[in-house]
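Colleague: Taken from TrEMBL, the feature compositional bias 'Basic residues' applies to A:722-734. What TrEMBL lists as domain 'Oligosaccharyl transferase STT3 N-terminal' is A:29-432. Sequence annotations record features per position, and here TrEMBL assigns domain 'STT3/PglB/AglB core' to A:546-605. Taken from TrEMBL, the feature region 'Disordered' covers A:722-752. Look at TrEMBL and you will find A:25-48, A:127-146, A:152-170, A:182-207, A:213-237, A:249-274, A:280-298, A:310-334, A:375-395, A:402-419, A:425-445, A:471-496 tagged as transmembrane segment.
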């Protein structure tokens, strides 16, 4: 809202200006109150999981971030940068300081430190759990600022309200989802806001702030490459459509230089900021904008005839030099096999790349393309408000609205490649829907105002009524009011349906911490499955501190964070060969698997099995990925060996390789399942819905040490090598009778 | 014949460029000299890197980027201070200079951290 100008025209004007300034101030106060309420809404809608379950960290990745934050809070920042973690990726270890995006952990650590120095005794876990809702409130306010720069405060408030509620963003930022995106989305929207502000005002101060906000984004998330490619694309678009101005230069050039330097400061990016193809677009456009700026400058100081001469001269001489430089550049870039792009970026550009070359990236469920229903689930009503917003951005087309259009188009494409990137689409969709709704309200309220005015004045100047004439085509005056009321009701319905849907989505769909599961029993009671934490606490109480645990990489972060044991592979998935080794071991018969694990000093093997309670994300369902990844590195593992006629089965029709592999045996050992079901020893797998193929077998190289209450996590111990190798001994029979459900305290039995 | 006319045109072009540039006020010319100095320093560093090798790379990067950064910021200052620019006529030159100082402070802080 424009600040009221002091009137010098006379007392009547002063009174009008004073009332206008009063109205402006009143509007400002209302806008502030609305913003505070939006912040409260954004915070509280994400608290369902804390209310329904408890204040616990969710999923897998947040456990790693939590562990890193604990380390940071205990040991300080210097030890954090120099930390070499030897409790993961045994025997390789992992350089944490150099491979983690520090933004999230540093933010939470700073909040914890500040709050504790004010003598508010919050634990690290509490700070970690509630970081995401707080930053989602900040993100809504940043969306308000951004949309205000594009269209005005009304659109800003609508966009902020929508972003506070949109389910896609809620899904990654509930209380307990302590992951990079919690902070990164705020940094993304804030950086875009500062860029647009610099573009609109041309102030170098905002350009500096823009670079610092970009630095915060680089610290927080690997998705910062989206910013450093989108902004050059927009600059190029402005240049090509003839909207070059010196404000564009001020907005872009300092950002590139400062941004590249700041990005190289972050250890995980380092020299990649200048060497990888993800950043080349920014350098290319940097050069282009300098050429264009020089051209405009020379055009400004020369006469038109001289300028034409200059152009012909430059074009003829410069073209040859340009071609030579480009040829050299292409040769340098094409000489590297991936053309300088990283694997994940290549997957974004060519969605089929990962499934052909890097099975690990293809196997992550978040990297799959989304289905159509997930669009309606995640952004709901906004899906059909976005096209209206795009049209509203064209009337009139400014630099900032062209940026928003480019943002929505690119994010729609990328969200179609990976379902995880629906999160980047959410702010864009909210901004455009806010613009659409606000423009609709503007048009209709203006038509009402002018209807009333037209009743009094017969004819005014023709030009203003030209724009209104389009509105006056609406049927009759009374029905204009009716249309407005309809739109209001429709808006309320939209808000309510969005509200109801969003609240439902937040409460039911996205609040599950996935480490604790619930189900409703027949009499309406709630049954809680806390098997994961049961298994991890068993591990931490009953094994030695230095024991190594092997499992599939999904559970690595949780095992190191909660059970505090060394693991072989975890969710970082940076070493494909190591994961393939574990996958091969799981796919091999018992003896070969024992040898592989023994060579890696593994003591315990952890397997997740859902067949007794019907938990669908267990290791048998993930087993084909283990085969594929293992087979990608070790050619003796072939996927067709595990499939009968191209079908994956575990019943009597399964292949012998499948029935003999370690994963099958460890999952279905003691396949009577008697305590839970009355299936009298038939071995019915509730997830696959068949009886299993091989029952009542014995394990020769592993022994079962723990199975959780609902049989969801099963822990096995590697049997030590036999002293006597030749012939069968009675020792194997006696060792089997010793093992029962809750047994073996982890100390070596000298009689084995 | 075409060649001599091109040469004559080129000469006329340079003459007009020179005369147009001589009309710019002195403070802008000082900024231009500063920009030229920064770019020259950057070129010297690149030539030195080509001769001697790029280890340690972070020092080279910080050196070159500091020169280019200073040049870019000086150009931004020139844009904002230039009286011919209609868009910036309500920005006081002191404000533009203060922004320039601030941005340079941030830039050189980062450079000193990164140089190693």
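Don't overthink the numbers, they just go from 1 along the chain as shown.
Backbone N, Cα and C define each Cβ position, glycine as well.
Just so it is clear, the model here is predicted, and its values are computed rather than measured.
Burial and contacts for the listed features, if you can.
Modeller: Taking Cβ pairs closer than 8 Å, the transmembrane segment (A:127-146) reaches residues 35, 38-40, 42-44, 46-47, 50, 55-57, 62, 65-66, 69, 104, 107-108, 111-112, 115, 153, 156-157, 159-161, 163-164, 169-170, 172-179, 182-183, 185-186, 189-190, 192-193, 196-197, 427, 430-431, 434 in its own chain, all 6 or more past its ends.
Residues 103-104, 107, 131-132, 135-136, 138-139, 142-143, 145-146, 149-150, 163, 169, 172-173, 213-214, 216-217, 220-221, 223-224, 226-227, 231, 246-248, 250-251, 254-255, 399-400, 403, 407, 423-424, 426-427 of the same chain, all 6+ positions outside the transmembrane segment (A:182-207), place their C-beta atoms under 8 angstroms from a C-beta of that stretch.
Panel annotation: around the transmembrane segment (A:249-274), residues 81, 97-102, 195, 198-199, 202-204, 207-208, 210-212, 214-215, 218-219, 224, 228, 231-232, 235, 282-283, 285-286, 289-290, 293 of the same chain, lying at least six beyond its termini, place a Cβ under 8 Å from a Cβ of the stretch.
Sequence-distant contacts of the transmembrane segment (A:280-298) (same chain, at least 6 residues past either end, Cβ-Cβ under 8 Å): 228-229, 231-233, 235-236, 239, 244, 246, 248-249, 252-253, 256, 259-260, 307, 310, 333, 340.
Beyond the ends of the transmembrane segment (A:310-334), by six or more residues, the same chain brings 277, 280, 298, 302, 340 to within a C-beta distance below 8 angstroms of the stretch.
Proximity of distant same-chain residues to the transmembrane segment (A:375-395), defined by a Cβ-Cβ separation under 8 Å and at least 6 residues beyond the stretch ends, is recorded for 150-151, 162, 166-168, 171, 401-402, 404-405, 408, 422, 425-426, 429-437, 439-440, 494, 497-498, 501-502, 505, 509.
Within the same chain, residues 139, 143, 146-147, 150-152, 154-163, 166, 168-169, 185, 188-189, 378-379, 381-383, 385-386, 388-393, 404, 407-408, 411-412, 414-415, 471, 480, 483-484, 487, 491, 494 sit at least 6 positions outside the transmembrane segment (A:425-445) and bring their C-beta atoms closer than 8 Å to a C-beta of that stretch.
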Colleague: Quick one: DSSP breakdown of the domain 'STT3/PglB/AglB core' (A:546-605) into helix, strand and coil?
Modeller: 33 helix, 7 strand, 20 coil
Colleague: Would you mind listing the long-range same-chain contacts of the transmembrane segment (A:25-48), meaning Cβ under 8 Å and 6+ residues beyond its ends?
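Modeller: For the transmembrane segment (A:25-48), the sequence-distant neighbours (Cβ-Cβ under 8 Å, at least 6 residues beyond its ends) are 1, 132-134, 136-141, 144, 153, 157, 160-161, 163-165, 170, 173-175, 502-503, 506-507, 511.
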Colleague: Can you work out the mean pLDDT of the predicted model over the domain 'Oligosaccharyl transferase STT3 N-terminal' (A:29-432)?
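Modeller: That stretch averages a pLDDT of 87.
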